[in-house]
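Chemist: The structure follows.
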Amino acid sequence: MYMYRCLFFSSTNQEAIYWWLVGAPHERSISSDLHPICTTKQLLEVMPVGTVCTRYLSFLSLALVAVLLAMDIQARPANMSVNRDKKPNSKEENEILPPDHLNGVKLEMDGHLNKDFHQEVFLGKDMEEFEEDSEPRKNRKKLTEIFSKVDANEDKSISAKEMQRWIMQKTEEHFQQAVKENKVSFHAVDPDGDGHVTWDEYRVKFLASKGFNEKEVAEKIKKNEELKVDEETQEVLESLKDRWFQADNPPADQVLNEQEFLSFLHPEHSRGMLKYMVKEIVRDLDQDGNKKLTLSEFISLPMGTAENQEAQDIDDDWVRERKKEFEEVIDANHDGIVTMEELEEYMDPMNEYNALNEAKQMIAVADENQNHTLELEEILRYSEYFTGSKLMDYARNVHEEF
């Protein structure tokens, strides 16, 4: 049940009417010219209103939506036994929650294609240096320096093998960055520094990051009392608990050390957790429950339908990109079916065979002279593909680079 206090003004007599809403709009008698105005400063008291009138229910439902959007107070369940004493802290949540996006991994946790994958495996930890509004001359210089590093034999061109080596090196950079960030995250949930975190300890920190009172939560868990949290938070907790147990190496004790916690946050660091991630993705996409994916299942549009041409174009892109990835990359034996094993190989960021295929694809995109290698001019011309940053004045200034 949610409780709100709202203020309305009657345009005929300027009379202020305060109204309590509990759960859903109550039937109230109001004049047809009543208009909603609601601010937290005006929420002072409740004044009586007249008799029941059912024909204004629809109006009140619409008014409630407008009121809730205008309110700058945080609604909270009336039966919440564990009080929230602050707004959710996004920094704390980011430290201890598994990220939705994993750098250098081809699929997101929700099964979407990683749109930044090419840039991530080409730039590594230098991704942030290439911003859309960066100085083009500066970006050309950086890209030229990268070209020189990838060109290991210094023959002024990049082969598939050289690109493969570079991709593996940049992926390792993402791995090392994840390890570094994990140390901070683990310390956040292991303040006593004993090197081990129990599920209950993590649960306390998670709920505290969501705005619950940490001491009250810890006390209730210690006494084995029920935590009455909202439905959304409960669903997240259940998902995290399942993931926690998967990261807990045998013998299972519900306690994670720093390495296990790394697998909990970053499943790409553990073969077992990578299998778990693949299982979750297949479960979400698999429509017939056979634990395999067909093309139609993989390209199925997410919830929602296209309501205009722009949305339709987005949907068309979704289908086209996923169909290409399914047929040309994921379905290794081209039998029209993707098994969990095939998806696991595809998802493994340290798979050298995948890195070589990726290198060949990246070269093919920009290889204008069709010699199966990349020259500097080609990479500069296709800078947006490799870096996400377009060199707008490339044509005008290309002679300066050579």
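All residue numbers here begin at 1 and follow the chain in the order shown.
From the backbone N, Cα and C atoms, a Cβ is placed for every residue, glycine too.
Summarising the annotation, TrEMBL assigns domain 'EF-hand' to 138-173, 177-212, 318-353.
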Chemist: Excluding the flanking five residues on each side, which residues at least 6 beyond the ends of the domain 'EF-hand' (138-173) place their CB within less than 8 Å of a CB in that stretch?
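Modeler: Same-chain contacts beyond the flanks: 104, 120-126, 129-130, 349-350, 352, 355-356, 358-360, 362-363, 371-376, 379-380, 383, 386-387, 389, 391, 394, 397, 401.
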Chemist: So what's the average pLDDT for the domain 'EF-hand' (138-173)?
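Modeler: Mean per-residue confidence for the domain 'EF-hand' (138-173): 95 out of 100.
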Chemist: In the domain 'EF-hand' (138-173), how many residues does DSSP call helix, how many strand, and how many coil?
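Modeler: Across the domain 'EF-hand' (138-173), the residues distribute as 27 helix, 1 strand, 8 coil.
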Chemist: Treating G and I as helix alongside H, and B as strand alongside E, what does DSSP give for the domain 'EF-hand' (177-212) in helix, strand and coil?
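Modeler: Across the domain 'EF-hand' (177-212), DSSP assigns the residues as follows: 24 helix, 3 strand, 9 coil.
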Chemist: Is it possible to list how many residues within the domain 'EF-hand' (318-353) are helical, extended or coil according to DSSP?
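Modeler: With helix first, then strand, then coil, the domain 'EF-hand' (318-353) has 23 helix, 2 strand, 11 coil.
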